Amino acid sequence: TYCSPENSALQINRKQVMLAKLRKSCSCTPEKLKNFLMDFLPVLRWLPKYKCKEYIWGDVMSGLVIGIILVPQAIAYSLLAGLKPIYSLYTSFFANIIYFLMGTSRHVSVGIFSLISLMVGQVVDRELLLAGFDLNDDASPALGDSSLQNDTQSNTTAFNLTIAGMNAECGKECYAIGIATALTFVAGVYQVLMGIFRLGFVSMYLSEAVLDGFATGASLTILTAQVKYLIGIKIPRSQGHGMLVITWINVFRNISEANICDVITSAICIVVLVTAKELGDQYKHKLKFPLPTELVVIVVATLVSHYGKLNEVYASSVSGAIPTGFIPPKVPPFNLMLRVAIDALPLAIVSFVFTVSLSEMCAKKYAYSIRANQEMFAVGFCNIIPSFFHSFATSAALAKTLVKTSTGCQTQVSGVISAMVVLLVLLFLAPLFYSLQKCVLACIIIVSLRGALRKFRDVPARYQVNKMDTFVWIVTTSASALISTEIGLLVGIVFSLLCIIVRTQRPRTALLGQIQDTNFYEDDLEYENLSSVPKVKIFRFEAPLYYANKNYFLKSLYRLTNLDPNLEVARRKKYKKEKRHLKKGDHTTANGLGIGETALQLVPKQTDFQALVVDCSSILFLDTSGVNTLKEILKDYKDLNISVLLACCNPSVIDSLKRGGYFGKDFGSMQEMLFYSIHNAVQFAKDQKLPADCSV
């Protein structure tokens, strides 16, 4: 084929423009490098502008308060993760430092979080069980020190450790933190990849009802896991689906073995903690900062346990030795990453969603903006980097974020102050918690779940506001508690999407009447004193029209207008055929009835309208099936001399109709078929001279 010089020149110009754009985007200039660094490390932008005199007092105060709250919570949440308390302290320290460098929210508190700790703990327990370790907290810590009871267990354990790339000298604690760091690393990689490919939209599928239900169901699981520490009984840590039910069965079976010392301690701690929390909530407007109740309870309980020798005398379970300083960094075991790759995905999504939602809440409240994609990177590196330092997964936590904002926090400098408090404990104070009873830690965890468990009180009010969201909440809560947290989250997302599909498959439909002396039209079943328009039916369909609801659209239209055009056309054809038989002198039909009786059965309906107006204001989009459905009713009603007029179509719907050939090839009849308001369509229907109905 011949190519003109002009076309060749145009192609060359386009190629040059594309190459220039590519060269520009791939070039590395000092300015681009500077902008990249400042975007990747937002601290470089805001720290030089830090208003020391204005911000420092609030940041120091909130940092100290959060640090004081963080230490007991970190030690307590180690029970949920199935790890030693030292690893929780590492997690809290590194998360605060990294988010200070990379986060875009000024107020959010990133660190150890109960739901994330629970998800980590479930994976750790499962892998420990598969490796042949005893999940009992009081079991021997090292695999090599314990005599294997039979050859089967020995072979299973050795096999699992071999495929994981771990040697036989690595005991239970070593293997557990290896699983946790591998899981954390993979979750962080997922989050960074989601940030690179801009997959933050995934969080949109986690509705508020799903997140609330997931948090409530997980809270029930957390509470259940802590009951054995509350009453001091030794039962196996349940794994797999139905853990909540199995754990409660085991609790009631072993209730007679409850440790009276732990029961009394738990009762006292819960009363003190709940009372302090309620008083704090009641008088929070008078308090400059929250009461450090958890720290006071831990200090007092540790002193009582130490000097009362509760472990030696009453066999009360205690935290044990917590080493000081930092363990040398270590690369997370890559062979274990394959085992936990699937588990890391829901962990990454939940961690990101909670962090971004809290960041957006704070940004909206204090009138600044965040970058959701950068938040993805920040929380991803809060998982990747600490995983080399024996830490596990982190996320933003609602309770600590609210405390942070209420104590005068201005920037993430407060996070550095909190990290310094944790560092002080890591370097000097950790051994002092040796005699701290585990039942006290369990009490702190359970009392921290008050907010999530109070959601049950809101169910009636939630039901009044939105029934569908209530069902989503109930299903997600039930699945998260009774099956597992990961399955519960998946069930909640799927059920929520199904509810949306059901809503669009069977939406509200209505015939509209005119509000007297106005140009407005509304549902004649919802409003009184509406006047019907003579010879005109106005039909509203409150959903997109697509393949899944096209049949419902037609059924609703035929039912409300009391006219199925296909049946009516068939009836009229049959009537004309029988009349021709009558003229020929044939007085019987194939079914044996007289021609007069048959003609009486087939007399066509007298249609009470000559125009159908379809209100498209609620139809957001049309697919091919939707366009064909409208073309179908246009043709079918035309056979009955009834015109079909569309009103209030948005540009997307109009474009679909044009491309689908609804208005014909040249769009010549478009002005007589499409109207910008219902009233215009009604006036057109009244004014035009419609062909008289041929029915008799």
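Along the chain as shown, the residues are counted starting at 1.
Cβ coordinates come from backbone N, Cα and C, glycine included.
Pulled from TrEMBL, these are the features on record:
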- 55-79: transmembrane segment (TRANSMEM)
- 108-124: transmembrane segment (TRANSMEM)
- 175-197: transmembrane segment (TRANSMEM)
- 209-231: transmembrane segment (TRANSMEM)
- 251-275: transmembrane segment (TRANSMEM)
- 336-356: transmembrane segment (TRANSMEM)
- 377-399: transmembrane segment (TRANSMEM)
- 419-449: transmembrane segment (TRANSMEM)
- 470-498: transmembrane segment (TRANSMEM)
- 526-685: domain 'STAS' (DOMAIN)
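When Cβ-Cβ distances under 8 Å to the transmembrane segment (175-197) are tallied for each of 55-79, 108-124, 209-231, 377-399, the top count falls to 377-399. Long-range Cβ contacts of the transmembrane segment (377-399) within its own chain (Cβ-Cβ under 8 Å, at least 6 residues beyond either end) map to 40, 81, 83, 86-88, 90-91, 94-95, 98-99, 102-104, 108-117, 119-120, 177, 180-185, 187-192, 194-195, 326-327, 329-332, 347-348, 350-352, 354-355, 358-359, 448, 451. Within the same chain, the transmembrane segment (108-124) packs against the transmembrane segment (336-356): three or more Cβ pairs sit under 8 Å, each pair at least 6 residues apart. Remote same-chain residues near the transmembrane segment (209-231) are listed as 79-80, 114-115, 118-119, 121, 237, 243-244, 247-248, 251, 255, 258-259, 262-263, 266, 317, 350, 353-354, 357, 438-439, 441-443, 445-446, 449, 452-453, 455-456, 469-470, 472-481, 485, 488-489, 492-493, 496 (criterion: CB distance under 8 Å, separation of at least six residues from the stretch ends). Below 8 A, the CB atoms of the transmembrane segment (470-498) and the transmembrane segment (55-79) form no more than two pairs separated by six or more positions in the chain, fewer than 3 in all.
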